[in-house]
Amino acid sequence: MASESDASSIATLSCARCEKPAHLQCPKCIDLKLPREQASFCTQECFKAAWSSHKSVHVKAQLSSIGDQNSDLISQGWLYCVKKGQARTPKLPHFDWTGPLKQYPISTKRVVPAEIEKPDWAIDGTPKVEPNSDLQHVVEIKTPEQIQRMRETCKIAREVLDAAARVIHPGVTTDEIDRVVHEATIAAGGYPSPLNYYFFPKSCCTSVNEVICHGIPDARKLEDGDIVNVDVTVCYKGCHGDLNETYFVGNVDEASRQLVKCTYECLEKAIAIVKPGVRFREIGEIVNRHATMSGLSVVRSYCGHGIGDLFHCAPNIPHYARNKAVGVMKAGQTFTIEPMINAGGWRDRTWPDGWTAVTADGKRSAQFEHTLLVTETGVEVLTARLPSSPDVYPWLTK
């Protein structure tokens with residue numbers, strides 16, 4: 001609604017719609033510091049009648065502001081990511097963006113100290129052992145020694161994710177979240193597994209609003225009302241621990257809150273059936289049933305996975321119904337469950353950076369993930385929340 005302005009300040013101005021003497025000014029134009037000539041109106045009725053076309057002035061001004069900010073960043077060495085992290089460009093790639101978000105420039109790759117043990121992709125971006133391992137086809141039964149290493153690694157990964165959660169608020173960039181993840185991982189003696197994995201340029205994934213997964217931390221500042229998923233994987237003592245959570249940024253609308261809550265419940269319900277003898281394909285049935293009951297959809301392009309000394313290996317864990325996942329759970333197996341749930345349809349597209357998966361319809365998406373160990377009697381959540389974990393979900397009690 002237009003606000004009344006000091007009469008003397010607009011006495012010489014005309015209505016932007018009908019050219020009658022102006023008495024009101026658009027408050028959004030005032031906030032954006034736009035010229036008063038295009039912000040002035042004679043009456044509320046005239047302002048409302050002009051709104052459908054007038055609001056485009058705000059969008060253009062905001063895009064121009066973003067362009068100016070990004071130009072400053074590019075002059076400081078920040079560039080847009082393309083070709084799955086193998087190249088950079090100073091120009092925003094052309095793309096039919098599905099929602100309000102667009103790519104932002106990213107900072108240079110963060111450095112890992114020489115003394116930190118590194119996976120085989122750390123230097124040249126190419127995993128050597130993982131794609132050729134027999135464990136891409138056979139689900140490994142972990143030894144007690146491997147399980148103990150995984151417990152240690154997953155606890156570190158949880159502590160790193162909690163550190164990231166504590167800095168999330170409006171105005172923080174996802175690049176800053178990545179810095180926190182990187183430094184916390186290094187401080188614990190670990191390596192951030194995503195860094196340079198098939199050339200992924202950052203130490204964690206940050207997926208905002210319509211981004212489903214694999215969002216690259218960048219210069220965009222989180223805004224009040226956003227939701228953001230932070231996905232952390234730590235490599236420590238030769239094995240990996242993987243988890244993620246979706247967080248609220250400031251005051252989030254009820255539909256987004258329900259999306260996040262339902263996604264959390266999907267993961268919890270899936271974990272509840274994990275025990276020896278259960279077929280992997282049953283996980284998708286459980287997740288899909290709960291999501292669709294809430295009018296939501298399950299992403300089909302990305303799945304949970306085996307994990308241990310390898311970042312990704314068998315089994316494959318689809319989250320949708322009527323999937324063809326093979327195999328039965330056995331004690332000693334470790335894998336992730338990580339449902340991605342969309343407010344709209346399940347289909348996705350990938351940004352020009354080659355990594356960022358977004359909803360095809362531009363609607364929001366949420367995700368939660370844990371690394372799990374199948375025990376003789378059920379399941380151990382290796383990445384479970386700690387007593388010290390931030391209290392960020394109103395439906396949880398410590």
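Placed from the backbone N, Cα and C atoms, the Cβ positions cover glycine too.
Zn(2+) 4 binds Asp242, His305, Glu369 as Swiss-Prot records it, and from the list Glu265, Glu268, Glu282, Glu338 the residue named for this site is Glu338. When the candidates Asp231, Asp253 are compared with the Zn(2+) 3 site entry in Swiss-Prot, which names Asp242, Glu369, the shared residue is Asp231.
Annotation for His305 (Zn(2+) 4 binding site): same-chain Cβ neighbours under 8 Å, separated by at least 6 residues, are His312, Cys313, Ala314, Pro315, Asn316, Ile317, Phe335, Thr336. With all protein chains in the displayed structure included, the most crowded Cβ environment within 10 Å among the binding-site residues Cys26, Cys42, Cys46 is that of Cys26. Those residues of the chain, other than Asp231, Asp242, Glu369, with a C-beta within 8 angstroms of the mean position of the Zn(2+) 3 site C-beta atoms are Cys205, Val232, Thr233, Leu243, Asn244, Thr336, Glu338, Thr371. The binding-site residues shown are Cys15, Cys18, His214, Asp231; of these, the one with its CA atom nearest the CA of His58 (Zn(2+) 2 binding site) is Cys15.
Taken as a whole, the zinc finger (12-65) shows an average pLDDT of 80 in this prediction.
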